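Everything on this sheet refers to the single structure shown next.
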Amino acid sequence: MISAKPFLKDAAVYLVDDDPAIRDSLAFLLMSRQMRAIPFESGEALLAALPLEPFSCIILDMRMGGLSGLETFNRLKAAGCEAPVVFLTGHGDVPVAVEALKTGAADFIEKPFNDNQLVNTVISCLEKRFGKMSESRQRALIEQQLQQLSAREMDVLKLLMAGMLNKQIADALSISMRTVEVHRARILAKMQARNAVELAANLASHGIELA
């Protein structure tokens, strides 16, 4: 049996299918893997529940009464929902599911599905979502740290990231070398970086440019 990784118990897996037997089966399967399942009988019901939990994944049946899976998916995107969507499809729906992948769906699984395949797909989606959320949190932290720098510290940081040495920074800002060293030490402490190279790597890896 495949068991979920510990942090996945905090995730919400939304199950959207108009067949109550399939909803119950999926809910039992996911809960047996220590994941939290939240069932909905229609796309309309899911959309009415927006906004969804940030750390979540959606299993969405392609063919349903009322809104189809694809229509529901398009409305989720339009609403800014970032939860990964896995489609459940019949054989005839595969071409439509492939098109959905091209527009942002995470994956699709054909019915009848293999339990382990479905669980693995959901776990993979949630792990990617967790990583994306962690990256967003890290970027927000770095941006918060940058806001804690004084105007002079920001001046020093910009020149430091431009590759200047302490002497060059001192000359450019008309301050002493000792003052540059003090500012540099404070910058590294506030940005929680061991050295300028690590700080530059942190900024670059999160796409942060100094204006």
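Even glycines carry a Cβ here, placed using N, Cα and C.
Annotated features in TrEMBL:
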- 12-126: domain 'Response regulatory' (DOMAIN)
- Asp61: 4-aspartylphosphate (MOD_RES)
- 142-207: domain 'HTH luxR-type' (DOMAIN)
Taking the Cβ of Asp61 (4-aspartylphosphate) as the reference point, list residues of the same chain whose Cβ is under 8 angstroms away and which are at least six residues distant in sequence.
Val16, Asp17, Asp18, Asp19, Ile22, Gly69, Phe87, Leu88
Using DSSP, tally how many residues of the domain 'HTH luxR-type' (142-207) sit in helix, strand and coil.
49 helix, 0 strand, 17 coil
Within the domain 'Response regulatory' (12-126), how many residues are helix, strand or coil going by DSSP?
53 helix, 25 strand, 37 coil
